[in-house]
Amino acid sequence: MATTESILQGVNVSGQITDFNRKILTKDALAFLALLHRSFNGTRKNLLQRRVIRQAELDKGQLPDFLPETKHIRENDAWKGARPAPGLIDRRVEITGPTDRKMIVNALNSNVWTYMADLEDSSAPTWDNMINGQVNLYDAIRRQVDFKQGPKEYKLRTDRTLPTLIVRPRGWHLDEKHFTVDGEPISGSLFDFGLYFYHNAKELVKRGTGPYFYLPKMESHLEARLWNDVFNLAQDYIGMPRGTIRGTVLIETILAAFEMDEIIYELRDHSAGLNCGRWDYIFSVIKKFRQNSNFVLPDRSAVTMTVPFMDAYVKLLIQTCHRRQVHAMGGMAAQIPIKDDKAANDKAMEGVYADKLREVKAGHDGTWVAHPALAAIASEVFNKYMPTPNQMFIRREDVKITQNDLLNMNVPGKITEEGIRKNLNIGLGYMEGWLRGVGCVPINYLMEDAATAEVSRSQLWQWVRHGVSTAEGKKVDKAYALKLLKEQADELASKGAKGNKYHLAAQYFSGQVTGEDYADFLTTLLYNEITSVGSSSPASKL
C-alpha cells in the first residue's frame with residue numbers, strides 16, 4: 001500500500017485547525033479521506049450528471065415508473081436485507097438533531113432507543129459545525145463529552161444503556177470546500193462518513209454497536225450502489241468484516257420511491273431499512289414536476305400524510321421493507337412544547353399522538369421525534385401497539401401500489417394568502433438562521449430544518465410559474481410574490497435581533513419564488529455565504 005505521505009500529496013485543508021479539532025484531523029484520517037475521494041468522486045459526479053439528465057426528461061413531461069430493467073429484483077422473493085445489527089433491533093423511538101455538544105448530551109440522555117446525529121439538514125455546514133461535530137461524536141462514543149456551560153453541567157447519564165448512535169452525513173450533491181484533493185473539493189458525504197468511520201468504527205464495535213448511518217437525498221439505486229462500494233472499501237481498509245456497517249436510507253425523493261426494492265438490494269449486506277422523510281419527499285414531488293401543472297399542490301398545511309400520494313408512499317415503503325426483513329421507519333414529529341399556553345400545547349401533543357398512532361398501526365417499526373419531550377408520547381403509542389421489538393412480520397400483502405398511486409395528486413385544499421405568508425416566514429426564518437450557521441430553527445413551535453424551507457420556496461415557485469389564483473381571488477404572479485416577500489422580510493427584520501440577516505435571506509429568496517430561476521437546493525445556493533475558505537495548508541505539513 002502507498003504511504004500516508006504519498007497519499008497526502010495534493011491534499012489541502014483551508015479550514016482552521018485548532019487544539020480542539022486536531023485529534024480528528026490526523027494525517028492518517030486525512031489520507032483515508034483522500035483515498036475515498038480518488039476512488040469514488042468520479043462516480044459521484046457521473047451520478048449527479050445523471051440527475052440533471054433525468055430532470056430534463058421530467059421537464060418534457062415524462063413520468064417516473066418502476067424500472068423494467070430491475071423487474072427481476074422486485075419479483076424475487078428469495079433475497080433479504082441484512083439481519084438487524086446490535087443496537088438496531090428495536091428502534092421504536094429515534095431522536096434527531098445536530099451535533100453540537102449540548103444536543104448530543106441531551107439526546108443521549110433522552111428516553112429513546114437511538115439518536116440520529118445529524119450532519120445534514122439540521123446542521124449548517126460551516127467548517128466549525130462540521131469539525132466540532134466530529135469531535136463531539138468522538139468524545140460521546142468514549143463517554144468523555146461532559147461539559148459545563150456557565151453554572152450548568154451537562155453530563156451523560158450512567159443509570160442505563162445509552163441510545164444507539166446513528167450518523168447522517170451530507171447528501172451526494174454537497175461539497176466540503178475546506179478540504180480539497182488534487183484541486184477538487186471533497187464530497188460532503190465522503191468527508192462526514194470518512195472522518196466518523198475512520199476514528200470510531202472499531203471503538204463502536206468494541207462497545208457493542210457499530211458504525212451506523214442514515215443516508216439522505218438519494219434519487220436512484222445506483223446512488224445506493226455507490227454507498228455500498230464506499231462501505232466495502234472502508235471496511236476492507238481498516239480490516240473490519242464487510243457487513244459491519246449499517247445504512248438506513250431516507251426515501252425522501254419521488255424517484256427513489258420507485259426504486260425501494262433496488263435500493264435495499266444494492267445495500268443488502270449493509271441495509272438497516274428505509275425511512276419516510278416526509279417533508280423532503282413533498283419537496284421532491286414539487287421540485288421534480290415543477291414544470292407540470294398537474295402537480296400543483298395546495299397550502300403546505302393541506303398536504304398531510306393521508307393524502308393519496310403520501311399514503312401510497314408509506315404503504316409501499318412498509319410493504320417493501322418487511323418483505324425484505326428490514327426496518328420501515330416512520331417520519332418526524334417536529335413539534336416543540338408550548339410552555340406558556342396549555343390548551344395550545346395539549347392540542348399540539350394530541351396531534352403528535354394521532355400521527356404516531358397512524359404510523360404504528362400502518363406497520364412502521366419506529367418513529368422520529370425532534371424534542372425529548374415528545375419521546376414519552378411516541379414511546380407510549382409504540383409500546384402499547386407494538387409489544388414486539390419491531391413488526392417486520394406485518395407483511396402488508398394487502399397493499400398493491402401502482403405508478404398512478406404514487407403520482408396521484410388529488411389533494412383537497414386551497415391556496416391562500418395566509419399559506420403564502422407562512423411559506424415566506426418559514427423560508428426566510430430558516431435561511432436567516434442558516435446564514436448565521438444555525439441549521440435547526442424553531443418557528444411557530446415547530447423545529448424547522450432545510451426540508452421544510454425547501455417545500456416553502458418550491459411551492460411559491462410553482463404557484464407563480466403556473467399562475468394560480470388564491471382562494472381570495474388574487475392571481476399569484478411575480479409582482480405579488482415579491483410584494484409579500486418584502487412585507488414579510490421587513491416585518492421579521494424589524495422584530496429580529498440586531499444584526500439579523502433577514503434582508504440577506506430575502507435577496508436569495510427573491511430569486512427562488514418568481515417561477516424563473518430554481519436552485520437545485522437552498523443549501524448549495526447559500527453555501528458560499530457560510531464558508532470561510534482561507535489560505536490552505538498542505539495536509540502533509542499538518
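Just so it is clear, glycine is given a Cβ too, placed from its N, Cα and C backbone atoms.
Per TrEMBL, the feature domain 'Malate synthase N-terminal' maps to 10-72.
Feature annotation from TrEMBL assigns domain 'Malate synthase TIM barrel' to 164-408.
Around the Cβ of ARG168 (active site, proton acceptor), 23 further Cβ atoms fall within 10 Å across all displayed protein chains. Sequence annotations record features per position, and here TrEMBL assigns active site, proton acceptor to ARG168.
Residues annotated as domain 'Malate synthase C-terminal' in TrEMBL: 414-530.
Taken from TrEMBL, the feature active site, proton donor covers ASP449.
DSSP assignment over the domain 'Malate synthase C-terminal' (414-530) gives 71 helix, 8 strand, 38 coil. Around the Cβ of ASP449 (active site, proton donor), the number of neighbouring Cβ atoms within 10 Å comes to 27. Separation of the C-alpha atoms of ASP449 (active site, proton donor) and ARG168 (active site, proton acceptor): 14 Å, rounded to the nearest whole number.
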